[in-house]
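A quick write-up on the structure given underneath.
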Amino acid sequence: LPQQAGDRGWAWMVLLAAVVLQGLTLGFPCCIGVFFTDLQQEFQASNSQTSWFPSIMVAVLHGGGPLCSILVKRFGCRFVVMLGGLLSGLGMVSSSFCQSISQLYLTAGFITGLGSCFSFQAGVTVLGYYFVRWRTLANAMASTGVSLGFTLWPPLSQYLLDKMGWRNTFLIFGGILLNCCVCGAIMRPIQPASGSLLESAKPEEKPGSGAEEAQLTKCFQMLQKYLAFDIFCQNKGYQIYTIGVTWMMMGFSLPHIYLVPYAIHNGLEERKAALLISIIGLINIFIRPFTGLLSGHRIFTGRRIYLFSLATLLCGLSNFICVISAEFSALILYCVILSIAMSGVGALTFQVLMDVVEMDRFSSALGLFTILESITLLIGPPLTGLLVDITSDFHYVFYNSSFFLMSAGLFMGLSFCALEKKNKLREASKACLDNPSRYQYSETSTEPKAESQSPPAVQYITSI
């Protein structure tokens with residue numbers, strides 16, 4: 001496809017595929033909480049042991065970014081999305097035959113997580129090439145797929161679990177996730193102005209004694225290219241944002257994993273407990289597009305990070321509702337507020353990343369960004385689960401979540417504010433070096449030759 005095909009025509013079919021894709025990949029882990037109690041009883045596992053399963057899935061989903069970037073560069077987004085669909089389906093089908101919780105770590109955790117990573121991140125990458133003018137709206141609309149997933153996966157999971165047990169449910173889920181292959185088939189390769197997205201330079205072999213050094217150099221260059229260490233060291237905005245989101249992820253996924261077990265633990269019926277996650281998703285469907293349109297307005301150009309920080313703070317504050325009360329009405333209020341805040345986080349996460357890095361380095365910047373946050377996504381839920389096992393108090397789930405979310409939101413907001421002020425001071429000092437200062441000019445303006453100097457005075461004022 002030519003570059004001009006972006007923002008119209010087939011681009012909107014690709015957007016539709018991305019919506020379904022995010023519902024199948026990012027939306028899927030939200031339903032794991034429905035199976036939490038059954039898996040604990042089946043394998044006689046603790047909260048910490050059981051939480052490793054969704055933690056590994058989500059961590060690999062986010063942390064496989066560098067490998068996904070390499071595959072996208074080599075084979076293109078379409079191939080990687082379809083490969084991810086095959087791996088996701090295989091992982092869930094294999095999970096239905098597991099005889100221990102540790103086997104679930106490999107099948108549903110690692111294999112399904114890796115497949116979801118390939119499908120999701122390749123889908124996000126291809127949107128950046130198909131959309132330019134409407135990129136903010138496209139990212140927000142694509143993220144509504146996550147909301148659809150949040151809405152549909154939990155009730156479907158609870159229904160199938162009641163009818164046929166978790167093993168047959170996982171088998172059916174494997175077939176559903178194969179639909180990622182259909183979404184990948186829709187994503188036709190697009191050719192940017194710089195050349196084909198599918199093409200990549202083949203490594204050149206250097207004969208002789210320098211072959212080993214050449215290989216080491218290529219490995220180093222590949223790591224730098226696909227993990228974007230150079231951007232992390234040189235781009236302060238990317239550095240702050242990556243650190244902030246990495247810290248935030250320690251607490252972001254905790255409510256998604258533990259909300260249903262927490263509600264059941266406090267005497268709520270299983271169907272009502274599963275409904276809580278669906279409420280979060282249902283509200284997200286309507287709020288995310290609005291958030292995307294609002295953040296795409298020119299007023300917020302260069303200020304989207306502050307909206308993201310406010311949404312993160314609101315996520316953290318909402319957790320205190322669960323601490324105060326475990327009544328169904330209070331939990332519904334919690335889900336409504338959390339959903340509104342999550343819509344801001346979900347709609348802006350990748351848009352802010354596109355704001356702080358150039359689009360031609362987005363894929364590699366996304367790789368490092370996701371692999372760092374995957375570390376905290378991996379260790380956050382099991383550590384919190386261990387704390388719950390020791391204290392037998394589910395309130396620590398929400399205490400921990402609030403601490404990490406609120407501290408991350410404050411860090412990002414204040415750091416970007418300080419960085420913006422620093423950049424303005426640097427620009428002002430540069431302007432003073434490039435042009436005569438006002439003070440110097442005011443001294444010479446009293447001289448008889450002031451008339452001849454008046455044009456530059458007007459020029460200085462207008463340039464400032």
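Glycine is treated like the rest: Cβ placed from N, Cα and C.
Annotation comment: TrEMBL describes 11-425 as domain 'Major facilitator superfamily (MFS) profile'.
The list of residues near the transmembrane segment (12-36) in space but at least 6 beyond its ends in sequence, with Cβ under 8 angstroms from a Cβ of it, reads 50-51, 53-54, 57-58, 61, 81, 84, 88, 116-117, 119-120, 123-124, 126-127, 130-131, 138, 141-150, 152-154, 156-158, 161, 166, 169, 173, 176-177, 179-180, 182-184, 186-188, 253, 256-261, 270, 274, 277, 280-281. According to TrEMBL, the feature transmembrane segment maps to 12-36 (among others).
The feature transmembrane segment is assigned by TrEMBL to 52-72 (among others).
Within its own chain, the transmembrane segment (79-97) has Cβ neighbours under 8 Å at 21, 24-25, 68, 71-72, 103-104, 107-108, 110-120, 122-123, 167-168, 170-171, 173-175, 177-185, 187, counting only residues six or more beyond its boundaries. Annotation comment: TrEMBL describes 79-97 (among others) as transmembrane segment.
Taken from TrEMBL, the feature transmembrane segment applies to 103-130 (among others).
Under the heading transmembrane segment, TrEMBL lists 137-156 (among others).
Sequence annotations record features per position, and here TrEMBL assigns transmembrane segment to 168-187 (among others).
Annotation source TrEMBL lists transmembrane segment at 240-261 (among others).
Within its own chain, the transmembrane segment (273-293) has Cβ neighbours under 8 Å at 27, 30-31, 33-34, 136-137, 139-141, 143-144, 146-155, 157-158, 256, 259-260, 263-264, 331-332, 335-336, 338-340, 342-344, 346-348, 351, counting only residues six or more beyond its boundaries. Here TrEMBL flags 273-293 (among others) as transmembrane segment.
Residues or ranges marked as transmembrane segment by TrEMBL: 305-325 (among others). Residues 237, 241, 244, 248, 251-252, 255, 259, 262, 295, 331, 333-334, 337-338, 340-345, 348-349, 352, 355-356, 395, 398-399, 401-406, 408-410, 412-413, 416-417 of the same chain lie 6+ residues outside the transmembrane segment (305-325) yet bring a C-beta within less than 8 angstroms of a C-beta in it.
Counting residues 6+ beyond its ends, the transmembrane segment (331-353) has Cβ neighbours under 8 Å at 124, 135-136, 139-140, 143, 146-147, 238, 241, 245, 252, 255, 259, 263, 268, 276-277, 279-284, 287-288, 290-292, 295, 304-305, 307-308, 310-312, 314-315, 318-319, 321-322, 325, 362, 365-366, 369 in the same chain. Residues or ranges marked as transmembrane segment in TrEMBL: 331-353 (among others).
Marked as transmembrane segment by TrEMBL: 365-384 (among others). When Cβ-Cβ distances below 8 Å are used as the criterion, the transmembrane segment (365-384) is approached by residues 48, 51-52, 54-56, 58-66, 68-69, 117, 121, 124-125, 226-229, 231-232, 238, 241-242, 245-247, 249-254, 257-258, 350, 353, 357, 396-397, 400, 404 of the same chain, each at least six residues removed from its ends.
Look at TrEMBL and you will find 396-419 (among others) tagged as transmembrane segment. For the transmembrane segment (396-419), the list of distant contacts is 236-237, 240-241, 243-245, 247-252, 254-255, 258, 262, 305-306, 308-313, 315-317, 319-320, 322-323, 380, 384, 387-388: same-chain residues at least six beyond its ends, Cβ to Cβ under 8 Å.
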Recorded stretches the transmembrane segment (168-187) and the transmembrane segment (52-72) touching, at least 3 CB pairs under 8 Å: no
